[in-house]
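Okay, structure first, notes after.
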């Protein structure tokens with residue numbers, strides 16, 4: 001039996017139980033009246049009537065308070081041919097998405113991203129993603145979050161399978177559930193563009209030896225002199241050590257063999273010497289700068305000389321996209337990778353455009369939507385979703401990820417690695433005397449290499465961390481934004497988190513700066529430890545997360561979902577063996593189950609009333 005089947009059955013049973021409980025306690029669309037507050041349209045009272053209008057073929061009806069497109073309602077339309085579109089039937093659609101569709105898509109992604117991961121482990125991780133509290137809670141309600149995440153993941157899965165048109169199609173459908181999903185389409189544009197450049201350069205590199213050999217054969221047939229290619233000679237001590245950032249230099253050319261010299265002299269007597277044809281030398285690998293010793297042909301006359309030099313330089317540089325691991329330097333991340341991609345794109349721009357054409361169609365359709373919607377990304381009530389610069393959203397996302405995924409991030413060496421990467425200063429006590437006891441050694445787990453690195457490097461590490469903390473404090477001071485809805489809507493957990501943290505005392509927001517730094521480091525360390533993502537992937541993922549969160553003034557944990565899920569399917573544990581990794585997955589499962597049970601209990605049992613409002617209000621995400 002496939003390992004995903006029994007696990008999917010368990011989560012399906014749990015989803016059915018949750019749906020039955022919710023439909024029993026809350027049979028009508030949640031929050032049936034709003035008069036005292038003009039809150040954003042994020043409740044079932046808006047979504048369910050709109051879906052029921054579509055089920056009745058009244059497609060011209062549209063609630064002006066809705067701010068997202070009609071994807072969820074169009075997806076629900078086939079239910080009209082099976083049953084009545086009651087709240088319970090519409091909620092069932094989300095239950096199917098959480099219990100069946102989401103684990104299946106996630107499992108396929110995990111198998112492609114981690115080829116060596118056992119099927120049982122991949123199935124377990126896929127179920128954990130479905131149990132993620134911000135997704136599982138909405139299995140019993142009718143919201144856009146579930147299928148918005150599903151179609152983004154489906155688009156990414158098709159990209160992994162090299163089905164770009166299917167990937168673009170799924171990405172286009174994802175836009176019908178949430179407009180910010182366009183950023184994940186841009187994420188796939190970046191990935192596909194770099195992959196196309198690598199393929200183009202690989203084909204060019206493979207064609208060069210064949211073309212050179214054909215030219216050599218033609219030259220010999222015409223009686224021209226041929227000089228053999230010269231390969232670098234290894235030093236007596238072994239392979240020559242390369243200097244970082246500089247190309248290796250080939251050794252002097254070896255003398256022409258006597259037999260070849262006699263042939264050349266005999267040919268010279270018969271006809272005048274012809275221009276030499278030099279076979280291309282081996283390409284010198286030195287980081288991103290893979291240089292071919294043979295000069296490239298002259299460019300066409302219509303190009304200017306400066307442009308020709310740029311193209312000539314671009315043709316000698318290979319795309320540098322190393323795995324995102326501990327060995328990646330700041331030069332690799334911020335300079336070598338983007339510059340090499342830019343120069344490669346100048347050389348292979350036609351192959352690049354052809355490769356990203358499906359995604360360009362998606363982006364073009366979104367641009368048309370923006371023009372049609374009066375240059376706004378929000379439908380309906382635009383006053384509730386004005387773009388606002390809100391950088392601390394990134395700190396909240398990192399902290400949320402650390403709190404929800406701590407079983408995957410914590411390890412025996414977690415504190416040691418965090419200290420080495422962010423502080424790097426170690427203090428040891430000297431011996432008491434020549435015969436006395438030795439000073440206490442570093443705690444277990446502290447890397448000796450980190451403890452013995454040069455003092456100047458350690459102080460630079462501490463200086464860098466100090467600058468990061470100063471930047472966080474500066475951002476918190478000048479850019480902490482408290483949305484009016486955040487302070488007015490006491491149904492959401494974020495209201496109480498802020499009330500009991502940064503609003504409790506003016507200094508609390510600044511005291512949390514080290515927590516934000518450790519959380520951000522943990523998120524990156526989780527990806528770095530696995531080594532299954534590249535530098536370009538990190539650039540694209542980070543840009544999409546930043547674009548999704550920084551422009552949102554309202555702190556909504558649901559905005560974290562897609563970024564967290566894509567992070568989760570690529571993160572690995574501490575590399576301490578399958579037994580420990582299995583413990584990590586089970587700890588994550590237990591934590592999610594407890595959180596889901598607690599949230600569901602609070603939602604169903606702790607109802608309260610708003611003054612001047614009819615109906616029962618309930619706590620939720």
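Positions of Cβ are set from backbone N, Cα and C atoms, glycine also.
Listed in TrEMBL for this protein:
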type	residues	note
TRANSMEM	92-110	transmembrane segment
TRANSMEM	130-157	transmembrane segment
REGION	229-264	region 'Disordered'
TRANSMEM	349-371	transmembrane segment
TRANSMEM	391-410	transmembrane segment
TRANSMEM	507-524	transmembrane segment
TRANSMEM	536-555	transmembrane segment
TRANSMEM	590-608	transmembrane segment
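When Cβ-Cβ distances below 8 Å are used as the criterion, the transmembrane segment (92-110) is approached by residues 4, 7-8, 11-12, 14-16, 18-19, 75-76, 79, 117, 122-123, 125-127, 129-130, 135-136, 138-143, 146-147, 149-150, 153-154, 156-157, 160, 565, 569 of the same chain, each at least six residues removed from its ends. The highest tally of CB pairs under 8 A with the transmembrane segment (507-524), across 130-157, 349-371, 391-410, 536-555, 590-608, is held by 391-410. Looking at which of 130-157, 349-371, 391-410, 536-555 has the most CB pairs under 8 Å to the transmembrane segment (590-608), the answer is the stretch 130-157.
Sequence-distant contacts of the transmembrane segment (536-555) (same chain, at least 6 residues past either end, Cβ-Cβ under 8 Å): 40, 180, 183-184, 186-188, 190-191, 194, 321, 324, 333, 337-338, 341, 385-391, 393-394, 396-397, 481, 483, 485-486, 494, 498, 527, 562-563, 566-567, 570. Only residues 6 or more beyond the boundaries of the transmembrane segment (391-410), in the same chain, are considered here, and those with a CB under 8 A from a CB of the stretch are 132-133, 472, 475-476, 479-481, 512, 515-516, 518-520, 522-523, 525-526, 545-546, 549-550, 552, 555, 557, 559-560, 563-564, 567-568, 571-574, 583-585, 587-588, 591.
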